[in-house]
């Protein structure tokens, strides 16, 4: 019997994988634009707008739940409403940076480089949430750094074998954009953890919807007008032509349906992501991001060989082994960080139990929402067991964290 946490994590894993694959497919799909010329749908800023619109759909869902009394108390006050604009801005910048990077890199390399968010999330959690880092935490971070170096090396060395050959300069630029996006997204996750945990206890559904609201406003009022006026390589000589994006959507049903699929996957993934943050921590949200890497790589390779000659996916190359080693090290670093595996030779430090459980039952997998008295809870971690009520992903209120790392 799977726990609720396992179900949410798995759904987020599948939706997140579909998210990256669909977005890459859009970038590799062409259509006739506003100038009547056939070109690829390389529109990272427009896709950021679509992402926020998808998240905005959570807001009517939230108020429907309040109306139906699945959520007893609406904690979205004026202060929370405006504070959520901060992670929304970070989400906009981080997602846009990553989308730009995805244009110039293979999707599996993009997904693996996204694992660097663990490094930045852990560092920011120490600085701002005062979370203590143990020996195995630092070891996991160091292993992730080495893994990312391997991934970067494989990307640069195998660029001549990619289906869409790009220059070394553009490839390195893409990698820099992706890593920079992870720093911004890590900041977003830490702020989200602060809002989702006591004393704020913002509902995950409300947080996703509010971030979508602010993100949509920022995209329409600020980002899209800027990229639509600065000199660039898109239609009309600008960085990105939004009118051209809508014309391409209208002219090609494939791009339209890919966009619809993207909206659904983004909505589900972001909702699952904030639920993971609420029930565990910002670092565990990053673990969800990194874990979907293997699905991305498998699907990308299958797409290349199932549909040869169509420029989809990526092939296996002589450097794929280095990429595989980087992936295995990245996952091992994640598992070591979360204490699912332990440091050998007696180097492992004893500490409160992780939010995940091992196969022997040493770790708690489910961290539920329940109602506790103020004397029973502490912010950002409870090292003693407290009795939680039924888990409801839509309900705010006191968060009971069972055996969570302090």
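In case you wondered, yes, glycine gets a Cβ from its N, Cα and C as well.
As recorded in TrEMBL:
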DOMAIN    50-152  domain 'EamA'
SIGNAL    1-20  signal peptide
TRANSMEM  44-67  transmembrane segment
TRANSMEM  79-104  transmembrane segment
TRANSMEM  110-129  transmembrane segment
TRANSMEM  138-159  transmembrane segment
TRANSMEM  171-191  transmembrane segment
TRANSMEM  203-227  transmembrane segment
TRANSMEM  254-278  transmembrane segment
TRANSMEM  290-307  transmembrane segment
TRANSMEM  319-337  transmembrane segment
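Each residue in the domain 'EamA' (50-152) gets a DSSP state, and the totals come to 83 helix, 0 strand, 20 coil.
Beyond the ends of the transmembrane segment (44-67), by six or more residues, the same chain brings 23, 26-27, 74, 76, 88, 91-92, 95-96, 99-100, 102-103, 203, 205-206, 208-213, 215-216, 218-220, 223-224, 227, 239-240, 242, 245, 259, 262-264, 266-267, 270-271, 394 to within a C-beta distance below 8 angstroms of the stretch. Averaged across the domain 'EamA' (50-152), pLDDT in this predicted model comes to 81. Beyond the ends of the transmembrane segment (171-191), by six or more residues, the same chain brings 86-87, 90-91, 93-98, 100-105, 109-110, 113-114, 116-117, 120-121, 123-125, 128-129, 152, 155-156, 159, 277, 282, 285-286 to within a C-beta distance below 8 angstroms of the stretch.
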